[in-house]
Amino acid sequence: MLADHRLDLVLIGTPDHWHARQAIDAMTSGAHVYLQKPVSVDVLEGEAILSTARQYNRKVQVGTQRRSTPHLIDAKEHVIDKGLLGKISHVELCCYYHMRKNGNPPLEPVPHFLDYEMWTGPAPLRPYDGLPHGSWWRTFMEYGNGITGDMCIHMFDTVRWLLQLGWPKQISATGGIYVQKEGKSNIADTQTAIFEYDELNCIWQHRTWGNPTDPEYPWAFIIYGDKGTLKGSTMKYEFIPTGRGDRMVKDVVYEKEEYPADLNEPRIELNAAPATRRHMLDLLSAIEHDHLPVADIEEGHISTASCILANLSMQLNRPLRYDPQKRVCIDDPEATALLRRPYRKPWQHPFKS
């Protein structure tokens, strides 16, 4: 397709293990890219995408749409930017959705309509059991980075945007398959990660079992300051002052009257539609006026790589410190070796050392 057509813009929403190769091929052909998160399955894939975007002067908007969510933009402008939280030194991030699939289906022949070799691409070739295609691939580490790579990235990226945070100084995590041991899925059902900054910790927790701590915020961030607390999700935000003061609550903005066609889309997330529209318009503006989009590839890479490093910390059972200039884990050659996943032949990893 890239060889036969001069494409201006490519939208990539494939499974994560294909993101890097497709994004880089699109940019080198001359196209700008809308790239779903996470941008990569390993850290050095992300570095390669970022380098390519800068080398070819292509705009890449990452699908971390909370940066374009109307009620969260309002929270940034009226709570964060006005300093209503005071000194901020603690953040909690969570996801308690039961997203992990626990089936144990038998092996079966690959259906005639599926090119399973091409679908698998650079990832390890698993025996076909009917699970990976569709949305089931998310439950296997071969194709992604589990709940942390899928869901933490959204809330962590939101907090980084709200608080203007860059790379964490140190990342540590623990977790594993503690409860749901019966199925084939190999992603963690329980995980806690700490993203450390100067005088600030961002703590992530997910469980794919049990009840959420707060049923109103099953997938959310909570920012604690000495003057107040900000709770936010895809559905609303809530500012709770310390002591006296007015609480602020703002719900998600729907655009059903302005865009009635939304109601006819069978799989649309109505709460996310306004954010997705603004996100795409921001990318088009970035292309037309030559500015970085709100979720530029560098920001998407930092958020993605931080979540991947949390998984590596859990795997190695020790904290990790990543140096984005040298592209190594500091004083940790074993962790550095894991920054690049092996590619299945004949595919070649895009990072050039």
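Cβ coordinates come from backbone N, Cα and C, glycine included.
Record features, source TrEMBL:
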DOMAIN    1-63  domain 'Gfo/Idh/MocA-like oxidoreductase N-terminal'
DOMAIN    105-164  domain 'Gfo/Idh/MocA-like oxidoreductase bacterial type C-terminal'
DOMAIN    259-348  domain 'Gfo/Idh/MocA-like oxidoreductase bacterial type C-terminal'
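Helix, strand and coil counts from DSSP across the domain 'Gfo/Idh/MocA-like oxidoreductase bacterial type C-terminal' (105-164) read 27 helix, 0 strand, 33 coil. When DSSP labels each residue, the domain 'Gfo/Idh/MocA-like oxidoreductase N-terminal' (1-63) comes out as 26 helix, 11 strand, 26 coil, counted as helix, strand and coil in that order. The residues of the domain 'Gfo/Idh/MocA-like oxidoreductase bacterial type C-terminal' (259-348), classed with DSSP into helix (H, G, I), strand (E, B) and coil, number 47 helix, 6 strand, 37 coil.
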